[in-house]
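To start, the structure itself, in structure tokens.
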């Protein structure tokens, strides 16, 4: 690194002072404020952590801005004056209670380099009476700011979330807090405070130097911010089952340090260290005398205020192998800096056999929390490999904010915590990876006034006591899903690039590898068992079979069944029907592709937890929810989907991972009870239902009438779609056992499925034994017959587009001449149970 071509912290200070010297002398009668500031465009995230302990103010507010040719007219409302987060943008504009805005005019701007610029602007009061005429021109931002103010200078670290325009009739505030792609835009500003007299440059320089030392943890003369870093060493996971096939030629093993990556250039002018957790370079004095520079990549830890640098790779000068790199560092880079010591590690190898290296790893791994690195000593074009006892992964997490509350903190029975959504990276897009709880303790604090989280004692090995991150950040997780610590370097990458943690496929590979023990990699039987486990997904009815086609043809049966479900859900979500004004909390069992998501939206529920054993159906449902939620996002209910079956003894604990306490007002079990309701599952199913259903809660069930099915003597075929060929236009039902039928609908199913026969007497008896009372029971044909007059007449008056289309579909479905729909509808039944 050539320091002569890079701006130092002192250069930024001088640029700011130089601009300030050009500002006119203050006039006491002048109502105009002269603002001179230095702005870092993509500041290191760590600077928030260094600034916060000395903050003179911390706050969040909504900023309203109208911009026109270098002029900004601004107003703001402190977030403490806004109740709840579900206000639409237009409502936020209506909350403005001051017609006196601030007019900011840009006089001069100079971009110093890619990371910083200086600006001189004037500020004055501006009476803006008719601002509501310019709603579409008003830009709204949520601003979180931490400020340190000294005599002549203020330092502001800001996170800005773009909310959209003032004309938008949607709640962007809640959306940006909850959506992973709505990232905060950070900035770091050093502003000179206007006084009645011009401040002398020496005083300013002294204050700015002190502030730079505070913020960047080094003298400004030794700070270089404009650095583009690319990791020179690629290290990838070596799957344990690949160990027996790895090339042993020149293969060596060394331990991995729990430090931070550092790219170092050593010259006779100084040692330049780019720290990955800081994302900038610090220069250190050196006694190194050679005219040839040395560049290396290593891992750094801090002990007694001295950096210990462990060599990973020598970049320049180039030598023939890794052992010569090690020798070079040992000979040339010893005792050249008081603040830094260069070290090398012991290399184990070479290996004569795979069993030898496996024996070594079996001994090493339990005592190495960060794992080991395998590398080839010759300079072949291959990455390094890592193996860990605990395959940690990096995920983007987003704290969850709820519909009405401005506080995400949840007060549990024995703990206080934040709930978060976890994401992995799917080719630059966030992929939902479940939810979790972040426990609030003395070492983890939620900073509610600036929407940030402070972690203590997680980076002590590198000399940092406190780390502060926004409510959206990248964190390291253990193989069991426990949050270990925030990743500062990866959070920097998330904020400024399209990065959401490890790629999803990499996460899956890490988790699968975790199930293999290092000592089992030569045992073919155990590896075979693991492979069989992945091939046979335990949650599917038959792991080798896909039961449903991707292209389903919806006919009259599907449309009319959907009508029945719509009535059922609307009725039991109604606040007036049950005289209950509270929004319902819903548990949906075997929810499938999520065809009823929209019904519950119109039912105005507060939350829905869905379960299903089929991960493919879960994926399609989540896609559907995200699509529905992309329009009026913040008004959609909270939704979680977990892969689980009601037949499992772990069902309740799995649900509790996302629904921490309380019980459900509604349990939705549509067209699926016939896969689980059998004597061998009664106890488990009913215990799960009892545990999760609130007193007075309702269980909504739709299924086929077992009493009618039990009377079948041979295969019965119903024509259900007159527009399809005869090979696809039917649904067949065949009794194959006293308690089982075989159902096949070729228009939507790839093969027949077995279902249990659910008889009314058995259903009501078992439910009654567990405290559930049958309060409603009706066949589909009865509901449709009662609804025909309404569908064919009164519903034609409906004008709302979506509802109008809904009834038009049902009117067409009722014209099902030439089919057996009426007969088939007799076989479908609704049960509603209420918990005593």
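Don't overthink the numbers, they just go from 1 along the chain as shown.
Positions of Cβ are set from backbone N, Cα and C atoms, glycine also.
Taken from Swiss-Prot, the feature region 'Triphosphatase-guanylyltransferase' applies to 1-532, supported by similarity to another entry. Residues annotated as site 'Essential for RNA triphosphatase activity' in Swiss-Prot: 74, 104, 123, 156, 158. Sequence annotations record features per position, and here Swiss-Prot assigns active site, N6-GMP-lysine intermediate to 256. Annotated domain 'mRNA cap 0 methyltransferase' per Swiss-Prot: 552-836, in sequence order. What Swiss-Prot records for 599, 624, 674, 755, 828 is site 'mRNA cap binding'.
Looking at 74, 158, 624, 674, the recorded sites in this record, the fewest other C-beta atoms within 10 angstroms of the C-beta turn up around 624. If you average pLDDT over the domain 'mRNA cap 0 methyltransferase' (552-836) in this model, you get 89. Within its own chain, residue 755 (site 'mRNA cap binding') has 674, 675, 704, 740, 741, 742, 743 as residues 6 or more apart in sequence whose C-beta sits under 8 angstroms from its own. Within 10 Å of the Cβ of residue 104 (site 'Essential for RNA triphosphatase activity') there are 20 other Cβ atoms, across all protein chains. Taking residue 74 (site 'Essential for RNA triphosphatase activity') as the reference point, the recorded sites whose C-alpha atoms are within 10 Å of its C-alpha, out of 104, 156, 158, 599, 624, 828, are 104. Counting only residues at least six positions away in the same chain, the Cβ atoms of 561, 564, 702, 703, 704, 705, 779, 780, 781 sit under 8 Å from the Cβ of residue 828 (site 'mRNA cap binding'). Classification of residue 599 (site 'mRNA cap binding') by DSSP places it within a helix.
Here residue 624 (site 'mRNA cap binding') is positioned 13 angstrom away from residue 599 (site 'mRNA cap binding'), judged by their C-alpha atoms. Reduced to three states, the DSSP call for residue 674 (site 'mRNA cap binding') is helix. The Cβ of residue 123 (site 'Essential for RNA triphosphatase activity') lies under 8 Å from the Cβ of 32, 33, 34, 35, 102, 103, 104, 105, each of these being in the same chain and 6 or more residues away along the sequence. Taking Cβ-Cβ distances under 8 Å and a sequence gap of 6 or more within the same chain, the neighbours of residue 156 (site 'Essential for RNA triphosphatase activity') are 145, 146, 147, 187, 188, 189, 191. Secondary structure at residue 624 (site 'mRNA cap binding'), taken from DSSP and collapsed to helix, strand or coil, is helix. Cβ environment of residue 256 (active site, N6-GMP-lysine intermediate): 299, 368, 370, 371, 372, 373, 386, 388 lie under 8 Å away, each six or more residues apart in the same chain. In this structure, the CA atom of residue 158 (site 'Essential for RNA triphosphatase activity') is 35 Å away from the CA atom of residue 624 (site 'mRNA cap binding'). Classification of residue 256 (active site, N6-GMP-lysine intermediate) by DSSP places it in coil, neither helical nor stranded.
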